[in-house]
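Taken from TrEMBL, the feature Zn(2+) binding site applies to B:CYS100, B:CYS103, B:CYS140, B:CYS143. According to TrEMBL, the feature Fe cation binding site maps to B:HIS132.
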2 protein chains.
Amino acid sequence: MEQRIEKIKKQLHSQSYKLTPQREATVRVLLEHEEDHLSAEDVYLLVKEKAPEIGLATVYRTLELLSELKVVDKINFGDGVSRYDLRKEGAEHFHHHLVCVECGSVEEIVEDLLTDVESQVEKDWGFQVKDHRLTFHGVCKKCQVETVKSS
Amino acid sequence: MEQRIEKIKKQLHSQSYKLTPQREATVRVLLEHEEDHLSAEDVYLLVKEKAPEIGLATVYRTLELLSELKVVDKINFGDGVSRYDLRKEGAEHFHHHLVCVECGSVEEIVEDLLTDVESQVEKDWGFQVKDHRLTFHGVCKKCQVETVKSS
DNA sequence: ATGATTGCAAAGTTTTTGCACTCTG
DNA sequence: CAGAGTGCAAAAACTTTGCAATCAT
């Protein structure tokens, strides 16, 4: 945890940004909820527990900044809100998501499944791929079981 | 064009919805701009040219309805707005997008590149895939050329 | 007539912005 | 002190909703 904060601090410094207490608190919340796909509001409420004086605008500004630095990725599952997801340690690409249409749960896939597909896109469309967003919509393991039960 | 409208009309009727003039005008705009990834506002302005009395709320309601019927897909490229994309004729899955980070252009890939990846997800994660969203971010052919020129 | 659909305006959400204040170096 | 960063409140941007009027069967 501390190491990852240290690393982010360096990333900020390298662009002459500071890791202020507010920014640090925000990053800590993200680290503690790495699997949770928090919205800006979610982050705000969680940060507020530790640092009640923080403003929502600061959270937005911080998330925006972290987004530029590629520390987090801003994602959107189609409900009205943006969600913010920490990049995995050393991950070069965005990870994938499995969104369950039954229960709304979101599972993460860290593996990069798209190496072959990316080569194909570069070859066949002449498009130089830098990153990707992949989300599958379907029925998660748990809900499949429950469907069987109830039928 | 007329055939596709006829088909959509049937889809609506099968769920006891009507193809009102407003809805038809909206569908026509979508058909005429199939490559354009229009926002609700875009659609509204274009429909207004032909049917000035239409309201923005109706456009939203129509797009919502078409979305439920899987006539269009609602997508989000990370700017604040939802965009609406007609499903291709006979396409079972959502098509993919190539978003250029230089010029912002959006290219479409109609082929389904994910058949293998989907099998893998079903096998390895026990997740029953129904649909997917795949967007590549990178540099399009045109901007690659221009980068070479200017360097 | 009855129920679906519409247009308008109002309200709701989420996000951004302006500005004075604070902090750090 | 200068510049970056902050909190607050106001504004903006996008979308949804309530309701009376309209339309189609």
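Note that Cβ sites are derived from N, Cα and C of the backbone, with glycine treated the same way.
Not measured: the values here are computed from a predicted model.
Where TrEMBL records a feature, it is marked here on the structure.
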residue  : record                 : Cβ contacts under 8 Å, 6 or more apart
B:CYS100 : Zn(2+) binding site    : B:VAL106, B:GLU107, B:GLY138, B:VAL139, B:CYS140, B:LYS142, B:CYS143
B:CYS103 : Zn(2+) binding site    : B:CYS140, B:LYS142, B:CYS143
B:HIS132 : Fe cation binding site : B:HIS93, B:PHE94, B:LEU114, B:GLU118
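All chains included, 22 other C-beta atoms sit within 10 angstroms of the C-beta of B:CYS140 (Zn(2+) binding site).
Note: B:HIS132, B:CYS140, taken in sequence order from the binding-site residues B:CYS103, B:HIS132, B:CYS140, have a C-beta within a distance under 8 Å of a chain A C-beta. Neighbouring residues of the recorded Zn(2+) site, listed in sequence order and excluding B:CYS100, B:CYS103, B:CYS140, B:CYS143, comprise B:VAL101, B:GLU102, B:GLY104, B:SER105, B:VAL139, B:LYS141, B:LYS142, B:GLN144 (Cβ within 8 Å of the Cβ centroid). B:CYS140 (Zn(2+) binding site) carries neither a helix nor a strand DSSP state and counts as coil.
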